Amino acid sequence: MSLSRSEEMHRLTENVYKTIMEQFNPSLRNFIAMGKNYEKALAGVTFAAKGYFDALVKMGELASESQGSKELGDVLFQMAEVHRQIQNQLEEMLKAFHNELLTQLEQKVELDSRYLSAALKKYQTEQRSKGDALDKCQAELKKLRKKSQGSKNPQKYSDKELQYIDAISNKQGELENYVSDGYKTALTEERRRFCFLVEKQCAVAKNSAAYHSKGKELLAQKLPLWQQACADPNKIPDRAAQLMQQMANSNGSILPSALSASKSNLVISDPIPGAKPLPVPPELAPFVGRMSAQENVPVMNGVAGADSEDYNPWADRKAAQPKSLSPPQSQSKLSDSYSNTLPVRKSVTPKNSYATTENKTLPRSSSMAAGLERNGRMRVKAIFSHAAGDNSTLLSFKEGDLITLLVPEARDGWHYGESEKTKMRGWFPFSYTRVLDSDGSDRLHMSLQQGKSSSTGNLLDKDDLALPPPDYGTSSRAFPSQTAGTFKQRPYSVAVPAFSQGLDDYGARSVSRNPFANVHLKPTVTNDRSAPLLS
């Protein structure tokens, strides 16, 4: 190898070391900084995922409390658990990314800057030393030859000249070998650093592959079952169906009629969730359980009995209407008129019905028949104002407004009708209105059936009648004195007098269609929900 070739290789060696120190290490530091940002972002995703799946578990708890969606709650729990395992795998990948890549690279780059500086300095010092030794031998040989040329006996310097030539040849070989080895060492150092980076990145990729493989395995195993669970939203679980069947077959209970309001299968949703029925009053307790499914008929206000799932109360009242009244409107037309305004459907809990003794003793109330117009619908008069607010399914009206009912019976104290003044339709509290007689006068709305009342307590008393304070409402009004005395607040529901009193009145006035038409209420004063004080 010539001297010029050795010098060129020496420059290449120095360039390799300088490239590592001036380009590779700064780029590696930038890579580590970007990796830390990536790690921070993944940590944020992990934290957000925990909150997300905690919320999913909460939704599963809500579903598990429902009789109709219990298995969907189990599915949500499984989803949360599967994704929790996937998230744990992601956290393991994040730990490996931090420990096996970022930490080790950061340690290497700090040590490497000092190591490379020392290695380059050592190489340059050794190369300079060998080069200086070679230059010294060459200078000595040059002096010797100059002496030999001026001497009278040149043969005297020939042996020594040969020794210098051999020494120069050896030192030049050593320098060339050292430069060659130095270049090889520099390339090896550079390659080792890139190999270390690739090796650590492979470890991260391996953990990432394990993460995705684990997620795929868990999801592929569970996903078909989850999709099957939600394939039919209209299917009622067997457990809920058996429960309804047991309640239907048990003594003193009725078949749930929430799925059908008429022969046209008109579905009417519950407008207000959480409304609870009144307990069975003591006067009616002896009659509960003696139900005859063949003779169950509506008692009052169009409320159907136990076997009335396909019963049409409007059609059944044809005999009670005057001959001048036209046939009632078909349920299919009613469905078209207000089906789009009904609230979201909720399942209705089956409620107890009363025995047929009441049905045989007490005929159906004529209050609803009296309130029917010529179009076959019942009319009521508002005794309090009602504001719907932002709820588009509710009906707003003022005191004194007339409302035409569009459905045959109330739902948990709420009725659906159309205001004759504003022509708007919606749900409204039935206790805010009175049924109109055929002559246009209004009468107090009363209901004997416990299952259709919206009151929150047992307001029936053997001897007294009291109206509770309103459950909601800010303004106070005086209740009409001709019916229930003077009150300062709105009633939420209206109770009826003693059942035994109704039997006596009916026995004395068998010609009347309504045994409670002439019942006079005793004025009372009460400040809370306890028993009223007679004035």
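Glycine is treated like the rest: Cβ placed from N, Cα and C.
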Review point. In Swiss-Prot, which of these is labelled phosphoserine: Ser113, Ser117, Ser367?
Key: Ser367
Review point. Where does Swiss-Prot put phosphoserine, among Ser330, Ser438, Ser455?
Key: Ser455
Exercise for review: State the Cα to Cα distance, in Å, between Ser396 (phosphoserine) and Ser385 (phosphoserine), rounded to an integer.
Suggested key: 8
Exercise for review: Determine the Cβ neighbour count for Ser385 (phosphoserine): the number of other Cβ atoms within 10 Å of its Cβ.
Suggested key: 16
